[in-house]
Structure formats: structure tokens, C-alpha cells
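**Student:** Quick one: the structure is below, and I'll ask about it shortly.
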């Protein structure tokens with residue numbers, strides 16, 4: 001039998017060095033997510049140089065995104081076993097190596113391996129540990145801190161999109177990749193800022209501590225090859241996994257995970273095909289790149305303002321609803337996109353989509369933290385971003401196949417829009433069902449009285465016991481209001 005004791009090692013400071021952690025995470029999102037978005041600017045160059053179609057070229061962006069999310073649990077494991085600092089520095093070296101090797105590629109397959117697999121693996125070691133570190137330093141102002149940290153994706157896109165286009169024009173796509181390889185080395189600097197912190201947490205402490213101590217001594221004294229040592233090792237591993245990934249059995253987390261699959265499928269293709277779509281409807285190269293910049297700027301506004309708003313007292317308990325609202329509106333934007341075929345119409349689209357994209361991206365770690373708690377946040381975020389992997393991998397090629405097959409972007413954009421709307425509806429429906437179940441207040445009844453039946457609408461209970469009794473007995477005097485049925 002065990003009892004839970006609170007071991008207060010440190011509380012989230014909600015400031016201090018935490019703001020340096022926010023700055024480090026801000027730079028990590030620039031070097032990972034913003035750079036990943038800007039890879040789509042290379043697509044026209046890749047198609048021309050390698051003479052390939054949309055679906056083949058789109059695999060590069062898909063593999064980068066897929067590896068970043070697929071290996072997110074690996075990033076959590078490395079940061080937990082070694083340190084967040086070591087994991088991010090190692091990831092920066094791998095990502096830079098991928099860009100540099102990609103600049104010497106002679107085929108798309110070389111880009112798949114270097115720019116796709118190697119760079120994506122490096123980004124995975126950096127992204128989820130940096131985001132989880134922000135959650136450990138902030139509690140009361142968590143949404144605002146995440147809003148600032150995640151705004152690096154939008155700011156980086158705004159700055160890097162025209163810069164990358166200029167680099168391609170001046171130094172060709174090979175020179176641009178080489179320069180980006182040097183740029184992402186800044187991830188090593190970001191890793192140096194991630195000072196670890198120990199939070200207060202619940203720990204299960206046995207009432208008879210001498211039993212555990214005796215077991216530990218037996219394990220230490222046993223031979224390394226004895227069955228007792230093997231049993232102790234297996235027990236420690238099982239306990240570690242149960243403590244680290246116990247949230248996987250939570251129903252709320254399972255529903256969130258399923259919803260994330262559809263949301264991730266819908267959100268990725270726009271950053272791949274916005275520039276090619278704009279070019280296909282007659283927008284110039286610089287205007288198409290500027291659309292990505294607008295998307296990035298408004299993404300920043302969505303990150304910060306939604307983070308600040310959901311930290312207010314009036315909305316703090318409705319972060320879940322705000323997340324659903326943002327995802328659904330991005331889906332509606334997708335449905336309208338095929339009707340927007342001029343630059344003046346694509347500008348407000350970029351503003352609207354960018355704002356709500358920044359909004360729900362900010363709230364993903366906040367909603368996850370509310371479900372699993374701060375202690376398991378790093379592992380939970382690793383799983384959440386891992387679930388982005390397959391949708392990120394398949395959605396751009398599927399969209400490219402639809403473009404090649406139908407000759408237009410309409411089917412691809414509609415499919416993405418409906419996927420995001422379904423993601424929002426699924427979470428909302430499950431939340432409503434759970435809320436309805438909670439409002440059904442149980443009332444104690446006597447098993448010996450079969451006539452006593454209670455109906456409830458969540459607030460008022462109605463009894464027909466007296467009416468049933470009156471049928472069997474003589475008419476009773478007028479009952480007082482509020483009489484005791486028992």
C-alpha cells in the first residue's frame with residue numbers, strides 16, 4: 001500500500017530565467033518550423049532542375065515534417081536521459097549537416113536523405129524538448145509564454161521567405177541551402193540557454209520503506225547474470241515506462257490524439273502549395289513569396305494575442321474551446337481558397353489563415369498540459385508531435401497527386417479543409433458528451449423501495465413516489481413543499 005507525498009523541489013518561477021527559456025524556444029521555432037516552411041520556396045527550382053512533377057518534389061517537405069514529428073519521442077528520450085541542452089545541440093549539428101549535404105545533391109533521392117531524413121531528425125531533437133521546457137518554467141502565464149515562443153515560426157517565415165527567394169536568385173538553390181545550413185547551427189546556441197529545472201511533483205512513497213531498501217540491496221549484491229538482477233532491471237523499466245507514458249491510457253488524451261491526426265493532415269499542404277497555387281493563378285514570384293511573409297506575420301499576431309487572451313480570467317477555463325474554434329476556422333479558410341484567384345483576394349486569406357494557425361499552434365502544448373499535467377508534458381508532447389508524422393508525410397503528396405490528376409487545386413484544398421473541420425467537431429462532440437454525463441447528478445435510492453424512481457435533468461430531481469403511494473393508500477393531506485421522501 002502506498003501513499004502520495006508532495007515533494008516540493010521548486011515551483012515554476014513564471015519569470016526570471018524562464019524568459020531566457022522563452023527566447024531560446026523562440027529561436028528554435030525559427031530555425032525549425034520557419035525554415036521548414038521556407039523549403040517550399042525551393043520547389044519550383046527543384047522541379048525545373050530535376051524535371052519532376054509536384055508529387056515527387058513534395059516528398060522533400062513531407063519527409064522533413066514527418067521526421068521532425070516521427071522522431072519527437074526520440075527527442076524527449078534524449079532530453080530526459082541526457083539533458084535538454086545536449087539534445088538540442090546535437091540536433092543543431094545534424095540539421096546543419098543535412099542542409100550542407102543537400103546543397104551537393106545530384107538527384108531528388110539525395111535530397112530525400114539529406115534535406116529530408118537527416119535535417120528532420122535534427123529538428124526532432126530540438127523542437128519538442130524546447131517546447132516542453134517552457135511549460136516547466138511557467139504556470140500562471142503559460143499561454144502567453146507559449147504564444148511568444150511559438151511566434152518564432154511566424155516571425156521566421158516573414159523574414160526568411162523573401163530572404164530565401166533572394167538567396168536563390170543570387171546564389172542558386174545550392175548556395176541558398178548552404179547558407180541555411182550555417183543558419184540552423186544557431187540551434188546549438190539555443191541549446192545552451194536551456195537550463196534545467198526540477199519541479200515539485202507527486203511521488204509514490206511506500207509506507208514500509210525498508211522493504212524497498214532491502215530489495216535494492218539484494219539487487220546490488222546479486223550477480224549481474226542472476227535471475228534476480230534481470231527481474232530488478234525489468235521491474236525498473238516497467239515502472240519507468242508506466243510513470244513516463246501512463247497518460248496514454250487517459251481517454252481525453254486518446255481523443256486528442258485522434259483529432260490531431262486529422263488536424264495535421266489539413267494544416268501541412270498549404271505551406272507547400274500556397275506559392276505554387278499563387279503562381280498558377282497569375283501572381284508574380286515576389287508577390288507569391290510575399291504571401292508567405294504575410295502568413296508569417298499574422299501567425300505572430302495569432303500566437304501572441306491568443307496566448308494573452310486565453311490567459312485572461314474570463315477565458316482561462318475555455319482554452320479547449322478556443323483551440324476548437326481556431327482549428328475549425330482554418331478549415332473554413334481552406335474551403336474558400338479555390339475561389340480566391342487574385343493577389344488582393346489572397347492577402348486577406350493569408351491574414352485569416354495565418355492568425356488562426358498561430359492561435360491553435362500556441363494552444364496545442366497548453367491543452368496537452370491541462371490533460372496530462374506538467375510532469376509528463378515532455379513525453380506527451382513527443383507523442384502529440386509524433387502523431388503529426390504520418391499526416392505530414394502523406395498529405396502533401398496526396399494533394400500533389402490530386403493536383404496532377406484533376407489539373408486544379410480545388411480537390412486538394414477541399415479535402416484539407418474538411419479534415420480540419422472534422423478534427424474540431426470530433427473534439428467538440430466528445431467534450432459535449434462528457435459534459436452531459438457530468439451534469440447527471442446521482443441520487444441515493446433505497447433498494448427496498450421499488451416504487452421510488454428518480455429522474456434528473458442535471459439540476460432538478462423529480463419523484464413519483466408519493467403519487468404511486470397515493471394509489472395504494474387513502475388520500476393524504478396536502479403535502480408540504482420540500483417534504484422528505486425518505
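Here the Cβ of each residue, glycine as well, is placed from N, Cα and C on the backbone.
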**Student:** Can you dig out which of the ranges 37-57, 58-78 Swiss-Prot describes as transmembrane segment?
**Tutor:** 58-78
**Student:** With Swiss-Prot as the source, which of 289-309, 436-456, 457-477 is set down as transmembrane segment?
**Tutor:** 289-309
**Student:** Among the residue ranges 221-241, 410-430, I'd like the one that Swiss-Prot describes as transmembrane segment.
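**Tutor:** Based on what Swiss-Prot states, transmembrane segment spans 410-430.
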**Student:** Near the transmembrane segment (253-273), which same-chain residues lie under 8 Å Cβ to Cβ, leaving out any that are not at least 6 residues past its ends?
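**Tutor:** Counting only partners 6 or more residues beyond its ends, the transmembrane segment (253-273) has Cβ contacts under 8 Å with 36-37, 40, 43, 58, 61-62, 65, 69, 247, 292, 295, 327, 330-331, 334, 353, 357, 360, 364, 367-368, 371-372, 380, 383-384, 387-388, 390-392, 394-396, 399-400, 403, 409, 412-413, 416-420, 422-424, 426-427, 430.
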**Student:** Report, as numbers and ranges, every residue of the chain located at least six residues beyond the transmembrane segment (289-309) whose Cβ falls under 8 Å of a Cβ in that stretch; write 'none' if there are none.
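**Tutor:** Beyond its ends, the transmembrane segment (289-309) has Cβ neighbours at 34, 37-38, 40-41, 143-148, 150-151, 153-159, 161-162, 165, 271, 274-275, 278, 283, 315, 322, 326, 343, 346-347, 350-359, 361-363.
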**Student:** Do the transmembrane segment (86-106) and the transmembrane segment (177-197) come together with 3 or more C-beta pairs under 8 Å, pairs six or more apart in sequence?
**Tutor:** yes
**Student:** Averaged over the topological domain 'Cytoplasmic' (1-9), what pLDDT does the predicted model reach?
**Tutor:** 40
**Student:** Can you name the far-off residues of the same chain, 6+ from the ends of the transmembrane segment (115-135), with a Cβ under 8 Å from a Cβ of it?
**Tutor:** 18, 21-22, 24-25, 28-29, 31-33, 36, 39, 59-60, 62-72, 74-76, 78-79, 84, 87-88, 90-99, 101-102, 105, 142, 145-146, 149-150, 177, 184, 187, 190-191, 194, 365, 369, 374, 377-378, 381-382, 385
**Student:** Which residues of the same chain, at least 6 past either end of the transmembrane segment (410-430), have a Cβ under 8 Å from a Cβ in it?
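**Tutor:** Residues packing against the transmembrane segment (410-430) from afar: 255-256, 258-263, 265-267, 269-270, 273, 320, 323-325, 327-328, 330-335, 337-338, 395, 398-400, 402-403.
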